[in-house]
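**Student:** Handing you a structure now.
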Amino acid sequence: MSSSSGKMLLQGSSSSSLWQRCAVVLLLLSVVGAEDPYRFFNWNVTYGDIFPLGVRQQGILINGQFPGPDIYSVTNDNLIINVYNNLDEPFLLSWNGVQQRRNSYEDGVFGTTCPIPPGKNFTYILQVKDQIGSFYYFPSLAFHKAAGGFGGIRILSRPRIPVPFPDPAGDFTVLIGDWFKTDHRKLKAELDGGHKLPSPDGILINGHGPNGAFFTVEQGKTYRFRISNVGLQNSLNFRIQGHIMKLVEVEGTHTVQTIYESLDVHVGQSYSVLVTMDQGAQDFYIVASTRFTDKILTTTGTLHYSNSNKPVSGPVPGGPTTQIDWSLNQARSVRTNLTASGPRPNPQGSYHYGLINVTRTIKLVNSAAQHNGKQRYAVNSVSFVPADTPLKLADYFNIEGVFRVGSILDNPTGQPMYLDTSVMGADFRAFVEIVFENHEDIVQSWHIDGYAFWVVGMDGGLWTPDSRKEYNLRDAVSRSTTQVYPRSWTAIYMALDNVGMWNVRSEFWARQYLGQQFYLRVYSPVKSVRDEYPIPKNALLCGRAKGRSTRPL
């Protein structure tokens, strides 16, 4: 789809009744600006047999697809996504990197949104406001992410906004991630029983195991590859035999166009690269392999030149394995293209992150420990336990006893791990510094819903105020997911300009599931749609919010 597309797009079942469509449009007009284009999607979520690693598994399909269908959109489009849950258990989808401006009700994690009951449907109404770039969606409840249900999201620039590279000949979504042959319910039971997640069995590219993914290109042309790591725990290195990759975008930010032979993509991260088909007419390996693991798992796909009559040949190109300095230096080389427009012309203007006074510093330390004989994970000693009611609904309806603002502190206390429904309070329009400090021997990956942040620094050892002397205050990349290397720190700057209840989590899914997350409550005392949309009229109500009313339809 070209970036000039602004017409209504209807995808999914054509059997939806007229009154259902009218109701959805009325909901849309009550929440978002009617002047912005809108796109309809009807998604049917089911279980189905899949064979990604050669054995039969029960996967989560969307409209019969594994992975699910891509979402194509343009800046400021309104997405109307009607999700039918035909699983035998509650289900939610979340939208990794989509900022849900003023609208955390639609974020699709249990802290903000009630699950869709089995046999029921829910219509997400969300806007890709002032965003461009490459993202993905995934199922956020239980351990559904280990069964599929994920897919790519691409947000194209509006036609009048210049893009800092020529239109590519094609645009591919590349979803890479580690995978288990074990059923997701058994993996969840292992975690519930207090055990750690075992090592994965393989790596997938677009839902396929070794030699399964296939990309057809024309010799001499340039293509865009949007690479997202949708896996559960492993950093992956991505490379294409005989070709170099020009990085152009990271999670909504046009980057300095640096050339890489291979690229580390940590869990939850998304990158866009341009690749020119400048080799002889044959097929080439596309490779994804694990990083920082004792046993290196590798998978391959095929880059097929349309005029090729020669299959892939030669050894599978090797990549980095356990070298942390190599990855750290590559991460530091990813910088913002200051001459490029974002969703709007000249987005920098007079506003620049390096010139703003920080009003608060938050230090977050991840940890792992046994709690009552079971494996748990924590942030600043607090291991998150879900409440019986989504926190955003409890906040809206003033339901007492669901959570307490301030139940996680700004700095680690050093006390033993304990369980709580951890919520950190923050003021609207504050400008904060967050330091992720990793005292463990793994690479960590952190994501913040509702925001993009500037990754201003990362290094080994412990962070101190003197570490600020190393910060990049000129062209740090802005993104929503960042890695923290073993026994290292990563610092970010973030403007709290989006009111709501926002999930801050480890993207290592077992760690997230067993407590390594919390919610950031960005609060404005002004009850105005200028700051936050009202609760959606169609919001599902559960827990202690059940039986209450939203607003009249």
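From the backbone N, Cα and C atoms, a Cβ is placed for every residue, glycine too.
Sharing the record's features from TrEMBL:
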SIGNAL    1-34  signal peptide
DOMAIN    45-158  domain 'Plastocyanin-like'
DOMAIN    171-308  domain 'Plastocyanin-like'
DOMAIN    388-525  domain 'Plastocyanin-like'
**Student:** DSSP says what for the domain 'Plastocyanin-like' (171-308): how many helix, strand, coil residues?
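**Tutor:** For the domain 'Plastocyanin-like' (171-308), the helix, strand and coil counts are 9 helix, 69 strand, 60 coil.
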**Student:** Summarise the model confidence on the domain 'Plastocyanin-like' (171-308) as a single mean pLDDT, whole number.
**Tutor:** 98
**Student:** What are the DSSP helix/strand/coil residue counts across the domain 'Plastocyanin-like' (388-525)?
**Tutor:** 17 helix, 61 strand, 60 coil
